[in-house]
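Residues or ranges marked as heme c 1 binding site by TrEMBL: 73, 76, 77. Residues or ranges marked as domain 'Cytochrome c' in TrEMBL: 206-319. Per TrEMBL, heme c 2 binding site is recorded for 220, 223, 224.
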Ligand code: HEC
Ligand code: HEC
């Protein structure tokens, strides 16, 4: 794997040209050969009506979906306070107080990933949404009928009827998941790097461009590329130097195949400075730590302080500028 991977990366490095002397346009061209702007809409959103999206938004913030009314999706994927889409805990804490196994990834841009969860065990956002509802370490609901009852007693019938006009009894788990997915499909972030990729060459400054080139030259782009700088592949954590925490086997827990041991979905790096702590186990408290660690475990290199800082400066361009409006009408953001 390492060999194959180096053989892909080396020509890239050659292409990029490790020495100085980049012109404005060549940096931009190099960037466009690895990254692309975020799409204006997510795949699958074509049929999402505004009634479906606003139902999904209401459900996303609905604490009645947890056993003791203490938690909503937003508790662990916060779009409200700091708009990060995470809870900033090493591992999430469920409605009943138990600590989960993994760090909560952000819901921003999640629908652009190849699959959901660190181990990819849900293919789509709609499939994913059913897991937290019934996970005892998350919302801990005990049955589908309990969820349906809660939604009826909270007066959701009209909202569901509007979102699913053809159904006579529209409140069910499938439709709940569909609505949650539709809302999350609107969560496409907006940042300066995107403006840069779209053609505004001054959207990021000179030191951010230098950081971008460090990120490319060091080989981070081998895994973190495309529109969300990740989200498209599963890679072993510790591909060069083993990762110390061996507890979580990642994708192998889903496939049962030992060849998938310690494979995790390559996370998106959009808005990365706002989603600490990092990694599936939340072990890296700071971005500096995460950059150093990935350099070592994924590339076998010791990045010096200046390189780490330069990459961090580039990450500034990925800060999300979009805010979810929480108005009384629950007006969806991207429609
Ligand atoms: C108790 C905290 C908690 C709650 C409540 C919660 N989640 Fe999560 N969520 C997590 C954690 C932790 C993960 C990662 C788990 C894993 O990968 O095994 C996750 C993963 C996800 C992902 C996958 C993102 C990715 O990049 O792979 C999505 C999407 C998501 N949650 C949406 C939701 C929705 C929708 C709800 C409400 C129905 C919800 N979550 C409720 C903690 C929570
Ligand atoms: C071989 C593929 C690969 C390469 C190369 C790689 N990464 Fe990653 N990166 C991953 C994987 C897989 C994870 C998730 C690991 C985990 O959580 O255990 C990750 C996680 C991260 C995270 C934490 C994200 C989060 O939300 O928790 C950051 C930051 C990061 N990488 C930055 C970098 C930087 C900077 C470089 C270059 C120095 C780099 N990566 C090189 C695959 C790679």
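The first residue you see is number 1, and the count goes up from there.
Each Cβ is built from the backbone N, Cα and C atoms, and glycine gets one as well.
Keep in mind it's a predicted model, so treat the numbers as computed, not measured.
Measuring Cα to Cα from residue 223 (heme c 2 binding site), none of the binding-site residues 73, 76, 77 fall within 10 Å. Close to residue 76 (heme c 1 binding site) in the fold, though at least 6 residues off in sequence, lie 86, 87, 92, 104, 132, 138, each with a CB less than 8 Å from its CB.
Only 73, 76, of the binding-site residues 73, 76, 220, 223, 224, place a Cβ under 6 Å from an atom of ligand 1.
For the heme c 2 site, the Cβ centre of 220, 223, 224 serves as reference, and the other residues of the chain with Cβ at most 8 Å from it are 215, 219, 221, 222, 225, 229, 230, 266, 269, 294, 298.
A C-beta separation below 8 Å, combined with a sequence spacing of at least six in one chain, links residue 77 (heme c 1 binding site) to 85, 86, 87, 104, 106, 107. In this structure, none of the binding-site residues 73, 76, 77 sits close to ligand 2 with a C-beta under 6 angstroms from any of its atoms. Spacing of residue 73 (heme c 1 binding site) relative to residue 220 (heme c 2 binding site) is 31 Å (Cα to Cα, whole number). Neighbour density for residue 223 (heme c 2 binding site): within 10 A of its CB lie 21 other CB atoms from the protein chains shown.
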